[in-house]
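**Q** My questions will all concern the structure given below.
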6 protein chains.
Amino acid sequence: MDHNSEKISHILEALPYLIKYSGKTIVIKYGGAAMVQEELRGSFAEDIVLLKYLGINPVVVHGGGPEINQLIQSLNLNTQFIRGHRVTDEPTMEVVEMVLTGKVNKQIVSLIQEKGGRPVGLSGKDGGLAIAEKYLMEFEDDTGHKQTLDLGLVGQVTEVNPQILYTLQAEGFIPIISPVAASKDGKTLNINADTMAGAIASALKAEKLILLTDTPGILIKGQLATGLNKQIIDGYIKSGDISGGMIPKVECCLEALKGGVKRTHIIDGRVAHSVLIEVLTNQGIGSLIE
Amino acid sequence: MDHNSEKISHILEALPYLIKYSGKTIVIKYGGAAMVQEELRGSFAEDIVLLKYLGINPVVVHGGGPEINQLIQSLNLNTQFIRGHRVTDEPTMEVVEMVLTGKVNKQIVSLIQEKGGRPVGLSGKDGGLAIAEKYLMEFEDDTGHKQTLDLGLVGQVTEVNPQILYTLQAEGFIPIISPVAASKDGKTLNINADTMAGAIASALKAEKLILLTDTPGILIKGQLATGLNKQIIDGYIKSGDISGGMIPKVECCLEALKGGVKRTHIIDGRVAHSVLIEVLTNQGIGSLIE
Amino acid sequence: MDHNSEKISHILEALPYLIKYSGKTIVIKYGGAAMVQEELRGSFAEDIVLLKYLGINPVVVHGGGPEINQLIQSLNLNTQFIRGHRVTDEPTMEVVEMVLTGKVNKQIVSLIQEKGGRPVGLSGKDGGLAIAEKYLMEFEDDTGHKQTLDLGLVGQVTEVNPQILYTLQAEGFIPIISPVAASKDGKTLNINADTMAGAIASALKAEKLILLTDTPGILIKGQLATGLNKQIIDGYIKSGDISGGMIPKVECCLEALKGGVKRTHIIDGRVAHSVLIEVLTNQGIGSLIE
Amino acid sequence: MDHNSEKISHILEALPYLIKYSGKTIVIKYGGAAMVQEELRGSFAEDIVLLKYLGINPVVVHGGGPEINQLIQSLNLNTQFIRGHRVTDEPTMEVVEMVLTGKVNKQIVSLIQEKGGRPVGLSGKDGGLAIAEKYLMEFEDDTGHKQTLDLGLVGQVTEVNPQILYTLQAEGFIPIISPVAASKDGKTLNINADTMAGAIASALKAEKLILLTDTPGILIKGQLATGLNKQIIDGYIKSGDISGGMIPKVECCLEALKGGVKRTHIIDGRVAHSVLIEVLTNQGIGSLIE
Amino acid sequence: MDHNSEKISHILEALPYLIKYSGKTIVIKYGGAAMVQEELRGSFAEDIVLLKYLGINPVVVHGGGPEINQLIQSLNLNTQFIRGHRVTDEPTMEVVEMVLTGKVNKQIVSLIQEKGGRPVGLSGKDGGLAIAEKYLMEFEDDTGHKQTLDLGLVGQVTEVNPQILYTLQAEGFIPIISPVAASKDGKTLNINADTMAGAIASALKAEKLILLTDTPGILIKGQLATGLNKQIIDGYIKSGDISGGMIPKVECCLEALKGGVKRTHIIDGRVAHSVLIEVLTNQGIGSLIE
Amino acid sequence: MDHNSEKISHILEALPYLIKYSGKTIVIKYGGAAMVQEELRGSFAEDIVLLKYLGINPVVVHGGGPEINQLIQSLNLNTQFIRGHRVTDEPTMEVVEMVLTGKVNKQIVSLIQEKGGRPVGLSGKDGGLAIAEKYLMEFEDDTGHKQTLDLGLVGQVTEVNPQILYTLQAEGFIPIISPVAASKDGKTLNINADTMAGAIASALKAEKLILLTDTPGILIKGQLATGLNKQIIDGYIKSGDISGGMIPKVECCLEALKGGVKRTHIIDGRVAHSVLIEVLTNQGIGSLIE
């Protein structure tokens with residue numbers, strides 16, 4: 001089989017997925033290595049543009065990356081720490097917003113534009129997309145009593161108004177969203193990008209929520225678990241097989257499923273084109289929770 | 001590079017073509033080996049379905065194939081020949097129409113439906129798509145005088161009403177057209193499928209007209225000529241490098257270009273997925289006339 | 001009253017029916033004498049065109065007529081008979097489809113086009129209009145046990161996808177449907193035209209289903225029964241007053257009523273313009289089942 | 001031929017006209033006997049409703065009738081006369097408007113509603129439909145000098161804003177228009193109904209303008225002239241064959257033709273259903289000017 | 001603060017109301033002094049035009065005013081009185097309709113047009129807007145028995161078909177409605193303008209119904225009552241604090257609230273711009289019943 | 001006149017401007033004091049929201065303000081100066097973009113959202129809104145020769161793609177644009193906000209371009225010049241009456257007029273609600289160039 005025929009046969013393998021996802025929405029949390037390494041950034045941007053031309057509607061929610069810390073350091077902001085967690089005070093929040101919305105978001109916009117897409121950058125503030133409230137972390141103190149920790153200007157989304165997304169999608173634009181939102185009393189709050197993506201996926205009743213991570217997916221005793229659901233995950237959390245930073249990610253997925261998303265995926269952002277591999281190939285990639 | 005990555009990289013090679021042809025119309029004359037061999041039929045149907053899902057609008061005009069002759073023989077129709085050309089009398093025309101519109105067309109419809117598309121079969125009569133008039137073949141007799149030959153119910157398209165095609169395309173259907181049309185006085189006429197495809201491509205100001213043939217393309221002294229235009233072709237016809245059955249094909253292409261079609265192609269229908277190779281790869285296939 | 005005034009008064013008699021049926025859909029099973037006799041064919045085509053211009057949406061489902069048998073005979077196909085029923089084998093089915101879809105359908109299309117309408121011919125395969133499954137005839141053998149008879153490629157409609165009909169109607173086209181459909185495993189099946197019309201009328205929640213027959217309607221002891229319903233019909237079947245070939249026709253009507261059709265009619269196709277007489281006059285024609 | 005068949009054949013005679021006028025606009029000046037005699041009123045209303053259901057868009061402009069004079073007399077208004085012409089002073093204009101817009105218009109609306117149509121009454125004031133200016137009658141005095149005669153609140157249309165008519169037509173309403181309009185400085189003016197109909201027909205580029213009169217049409221030496229044009233009419237006016245009250249009517253028709261109306265008709269409103277006879281029959285009625 | 005700044009600050013005070021009422025419908029009963037005094041007429045017309053340009057949809061229902069009686073007197077119509085109530089016989093009804101629909105309605109239309117709006121006058125007959133039936137007044141005779149009083153051609157609305165209103169609103173027209181409607185048997189009936197406005201407000205599920213009166217609102221022991229509801233009103237009627245002509249007005253409001261109107265207002269039409277004061281200012285004006 | 005009446009009379013003064021500007025687009029360059037002082041920011045936001053609710057489409061292009069310099073200083077960026085002009089190197093451009101797009105833009109978005117509008121922040125990169133190229137400043141050196149000065153990443157708009165603006169406007173969103181754009185080779189460039197506003201106004205064929213400044217307008221010998229045009233301005237520039245920083249502003253206005261903008265204004269942003277005063281009052285404010 002010559003190169004062209006092979007190429008075409010590869011494209012044709014994707015046909016069942018085109019039929020299945022045509023006109024559907026896929027929300028992708030973009031972050032980690034895929035956002036840092038030059039080559040991965042390019043391949044991610046191509047994935048998003050290709051999805052759009054294949055008739056599938058991608059919505060990207062991005063995280064922050066190392067650039068926030070760099071700017072905080074350059075500015076010598078005094079960061080307060082409580083119980084090991086950094087407190088987001090106003091000067092810090094300003095930096096967070098500027099970097100997320102004014103730098104990272106626009107880099108993604110530029111890259112996708114360059115690859116042939118028509119991206120529009122938004123933060124949660126634009127078009128009233130996301131309303132948030134302050135998030136108070138709950139924890140048990142040494143005596144076993146429940147306490148709450150005020151980490152400053154950190155929020156969780158309480159309301160999503162997706163009309164701006166429908167408006168942009170209908171005209172062929174690709175929304176690129178930075179995880180910042182305002183509270184009802186006008187405070188700017190930093191939102192965890194995974195949960196922002198999950199909230200938006202729920203509001204859109206998305207076909208898929210895909211979280212890009214710097215792991216192959218959910219590893220259970222070192223093996224990639226591919227097909228999971230709430231019951232299995234509850235077991236793994238109880239047994240300690242899922243632990244640490246993976247817990248909020250799987251919870252985010254379960255929450256999105258409850259909110260009406262069809263399928264959720266935790267995949268390896270370090271693999272070039274992992275989004276397309278997930279969406280368009282038989283084998284897929286990473287862990288599926290449904 | 002593992003299989004998935006390779007596959008995705010192949011799909012991505014197609015991205016520039018998706019960007020270029022998104023929303024455009026491509027008219028394909030389907031016939032010859034591609035319509036006879038089981039495997040080629042399947043791969044052609046996949047090509048059409050994939051194009052549609054890629055946001056490109058294919059319109060298929062098919063020829064007849066050997067089945068017309070089989071039925072004519074089974075029915076022992078007396079076919080008259082004039083100067084080596086078969087005369088299409090009424091009983092013959094009836095057989096031609098039944099086979100083209102009632103058998104071949106429906107086989108293509110079924111195959112494309114099976115592959116996931118939504119085809120609708122039409123003849124030139126449906127929705128008043130094509131109006132034709134009797135075609136009188138001109139030739140020079142032995143004394144060098146121009147004469148015309150009446151080959152019976154053979155026609156050429158004089159008017160295309162593309163509204164039925166726009167209607168079907170707008171709702172996601174794929175038109176599959178058999179080369180039969182009625183004259184204004186109600187006679188059913190057999191139309192050459194290449195010229196039918198050309199006339200429809202012109203009426204639609206199609207992005208491409210692709211003629212599937214049983215040759216690699218236009219061969220000049222045994223070599224495939226890839227990029228041609230009217231001037232070059234006129235030269236080759238004069239020099240005899242283009243001759244015989246290839247002449248009406250290149251004339252059909254030139255006519256379509258004159259009618260507003262952007263590019264025309266004569267490609268090898270014996271190569272699996274030659275339509276996709278032409279549309280989606282850098283190298284392309286066959287001969288381009290523009 | 002002079003001719004013009006009389007003419008106008010006749011047109012005005014139709015006004016209440018225009019008001020009643022404006023924008024509604026009427027499905028007509030076309031067959032029998034109305035399809036064979038030259039003059040009746042013309043008058044039927046006029047009826048359909050007029051209905052369309054009156055703002056009523058006709059959908060025509062046609063039967064086969066004598067031409068199928070002629071071609072079968074010309075081809076010397078060996079037809080097998082089981083218990084007096086012809087078995088439709090593959091060569092026969094090919095002939096059936098070619099004649100229905102490639103000849104009869106196009107004749108109707110041409111005629112309606114000529115009268116000023118904009119018909120588009122379809123078979124059940126086009127746009128996935130009708131999906132069918134093999135029909136096994138049930139009967140009781142001599143010992144009173146239920147048996148099933150396999151008559152070959154004969155089917156019954158299990159699913160109607162009316163989008164192609166809505167698409168065509170919305171743009172002013174008149175669908176002309178031949179009673180052939182594919183099964184899910186890709187077999188071409190011959191469908192009884194009455195039940196095809198009934199299934200389509202149900203899917204469209206048609207205002208009327210009209211079956212053209214070669215009788216004045218339902219005759220009970222030699223008298224035309226005009227207003228009937230399920231209860232009355234059940235009685236007549238039990239009493240034997242309705243019998244033979246009329247039974248499947250009334251069952252088709254009852255099935256359509258159950259499927260949401262408002263009124264069904266069995267009328268005399270041998271009377272010129274019987275469709276218009278039914279739709280537009282006070283007196284109507286034939287038997288009404290509602 | 002029995003009654004039903006005859007009726008249907010009469011309806012079918014109208015088919016070519018339905019095809020020709022489908023979706024087109026016909027402006028009808030309604031007045032004279034057709035507005036006075038009970039039976040003619042009913043038949044006119046039926047004509048209008050039928051046209052609408054046949055897919056043709058009627059627009060009615062009505063005149064005043066004897067009721068204006070009755071009310072003027074009942075109110076003992078002192079009417080001034082100049083050179084035999086009544087001067088429309090303010091109290092008179094008030095009566096004219098009340099009768100035209102508040103009585104005659106609503107009678108027509110009620111009648112058409114009753115026959116099954118959906119009429120909406122308008123005067124030239126509604127939706128800014130017609131803007132008028134005072135009309136000064138020109139005449140030659142005894143010494144042959146041109147003079148102008150001020151007949152008070154009599155106007156001629158200078159501007160038509162047809163949007164309100166398009167709005168109503170698009171939703172299936174039938175506009176019924178009384179010939180009253182305001183001038184730019186807010187004066188209410190009485191407009192000749194023929195010229196009002198002509199101005200509206202021009203603004204709509206109507207297919208037809210039909211003036212209902214109490215004569216069979218244009219009589220030349222006692223004979224009905226059926227097919228006329230500007231040249232012929234100019235001749236007849238010069239020769240005196242067209243004279244008196246017929247002159248402004250033919251001028252109104254010529255003006256409408258100049259304004260883009262396709263055909264104009266002067267027909268006999270005393271004949272029941274003369275509008276339908278004109279529109280739907282081969283023979284037609286009255287005089288055609290085109 | 002200079003004039004411009006003050007002006008702008010005043011406009012900005014209205015902003016919360018623009019946000020609240022944008023795209024909503026407000027039905028206004030127009031009558032009394034506001035319709036009689038030159039200056040108030042102008043200010044009312046400005047209010048209506050401004051509302052429309054502010055993106056709010058006003059619908060005006062007007063009453064009759066003194067002009068009806070003037071014309072009745074001028075015509076020396078013999079009016080019959082029963083128990084102190086005038087009986088509306090046919091000649092009287094004719095006058096009522098002519099004045100309401102042919103004079104008062106058109107005066108309002110002209111005024112609003114002049115101020116820059118695009119009004120369209122309607123009566124209940126147009127577009128089948130309102131269907132009414134004869135209203136028989138109930139009363140107790142001296143012996144305490146219920147009796148009904150036939151006051152002639154007086155009606156109450158039984159059905160509202162708001163499509164004509166939606167049609168006009170969607171295209172930027174302002175409906176001006178005279179309180180006349182036809183019964184199903186074709187009788188013209190005089191409708192109380194308050195109840196006509198209430199019925200139309202209910203059919204439109206209007207945001208507000210505003211009744212303009214010649215009082216400051218509902219006066220309870222000489223004090224304006226501003227915020228009321230059914231319970232409070234029932235108490236006041238029982239206690240006699242609400243009595244006489246105010247009773248039908250509050251009943252009209254309560255009926256409208258029951259019909260789905262959000263808020264109803266009885267305000268002082270003698271105050272210039274009272275409609276805008278009600279809609280756009282914090283303080284508002286008159287009595288609110290909700 | 002009490003407060004309410006006065007308020008309403010002030011609102012009504014705006015009616016002619018509502019009629020004039022309804023549905024039109026007004027582009028406003030926002031900067032200077034109006035963006036710095038708390039109270040002026042609030043009043044500007046109210047102006048924009050009110051305009052939108054009045055049916056006028058505002059588009060805001062904002063400048064940077066002092067916050068860019070603050071961040072540059074905090075980061076100790078070494079800024080190079082050439083001939084007194086700061087050179088925008090890459091680290092500086094990054095700061096400029098972050099502050100403009102990630103901070104200033106979002107502050108404006110938040111404020112307008114809070115006042116009841118539905119703003120969406122964009123930079124020139126979003127939706128490919130603005131394409132720029134490097135701007136080389138021309139100057140004459142000491143010997144009178146033309147030289148160009150490379151000030152780094154400073155650009156001028158060469159192409160505006162307004163589709164994203166139409167998309168947002170059509171759905172009721174208010175575009176807030178930061179003056180940053182990418183060049184075709186992917187460089188981020190800082191654009192002068194006035195010229196960005198002018199380029200966008202031209203692309204939209206805006207009704208007005210309003211430049212907010214920290215002066216009363218164009219002062220000629222200390223007097224505000226209110227009505228100007230190209231000819232007058234050319235004279236004033238020649239005479240030196242217009243000089244310094246006002247020259248690029250008037251050139252920006254003249255360029256916009258050439259580009260199809262109807263009217264341009266240079267107004268005093270230090271006056272609260274100066275935008276509304278300009279748009280809605282007879283007197284207006286500042287200098288008009290048309």
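A Cβ is built for glycine as well, from the same backbone N, Cα and C atoms used for every other residue.
Pulled from TrEMBL, these are the listed features:
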- B:GLY64, B:GLY65, B:ARG86, B:ASN190: substrate binding site (BINDING)
- B:24-268: domain 'Aspartate/glutamate/uridylate kinase' (DOMAIN)
- B:LYS29: site 'Transition state stabilizer' (SITE)
- B:LYS249: site 'Transition state stabilizer' (SITE)
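Give me the local environment of each listed feature.
**A** Taking all protein chains in view, 19 other C-beta atoms sit within 10 angstroms of the C-beta of B:GLY64 (substrate binding site).
B:LYS29 (site 'Transition state stabilizer') falls within a strand segment according to DSSP. Taking Cβ-Cβ distances under 8 Å and a sequence gap of 6 or more within the same chain, the neighbours of B:LYS29 (site 'Transition state stabilizer') are B:VAL61, B:HIS62, B:GLY63, B:ALA193, B:ASP194, B:MET196, B:ALA197, B:LEU209, B:ILE210, B:LEU211, B:LEU212.
Every protein chain considered, the tally of other Cβ atoms within 10 Å of the Cβ of B:LYS249 (site 'Transition state stabilizer') stands at 23.
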**Q** Can you grab the distance from B:ASN190 (substrate binding site) over to B:LYS249 (site 'Transition state stabilizer')? Cα atoms, rounded to a whole Å.
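**A** Counting only the Cα atoms, the answer is 17 Å.
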**Q** Taking DSSP as the reference, which of helix, strand or coil describes B:ARG86 (substrate binding site)?
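**A** DSSP assigns B:ARG86 (substrate binding site) to strand.
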**Q** So, in DSSP terms, is B:GLY64 (substrate binding site) helix, strand, or coil?
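**A** For B:GLY64 (substrate binding site) - judged by DSSP and reduced to three states - the answer is coil.
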**Q** Which chain neighbours of the substrate site, leaving out B:GLY64, B:GLY65, B:ARG86, B:ASN190, have a Cβ atom within 8 Å of the mean position of the site's Cβ atoms?
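**A** In sequence order, the nearby non-listed residues are B:GLY63, B:ILE68, B:ASN69, B:VAL96, B:VAL99, B:LEU100.
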**Q** Check the DSSP secondary structure of B:LYS249 (site 'Transition state stabilizer'), expressed as helix, strand or coil.
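**A** For B:LYS249 (site 'Transition state stabilizer') - judged by DSSP and reduced to three states - the answer is helix.
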**Q** Going by DSSP, is B:ASN190 (substrate binding site) sitting in a helix, a strand, or coil?
**A** strand
**Q** Relative to the Cβ of B:GLY65 (substrate binding site), which residues of the same chain, six or more apart in sequence, are found under 8 Å away?
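**A** For B:GLY65 (substrate binding site), the qualifying residues are B:GLY31, B:MET35, B:VAL36, B:VAL104.
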**Q** Given a separation of at least six residues and a C-beta threshold under 8 Å, show me what packs close to B:ARG86 (substrate binding site) in the same chain.
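**A** Looking at Cβ-Cβ distances below 8 Å from B:ARG86 (substrate binding site), excluding near sequence neighbours, one finds B:THR79, B:GLN80, B:THR92, B:LEU151.
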**Q** May I ask for the distance between B:LYS249 (site 'Transition state stabilizer') and B:GLY64 (substrate binding site), taken between their Cα atoms and rounded to an integer number of Å?
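**A** The Cα atom of B:LYS249 (site 'Transition state stabilizer') is 16 Å away from the Cα atom of B:GLY64 (substrate binding site).
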**Q** Restricting to the domain 'Aspartate/glutamate/uridylate kinase' (B:24-268), what is the model's mean pLDDT?
**A** 94
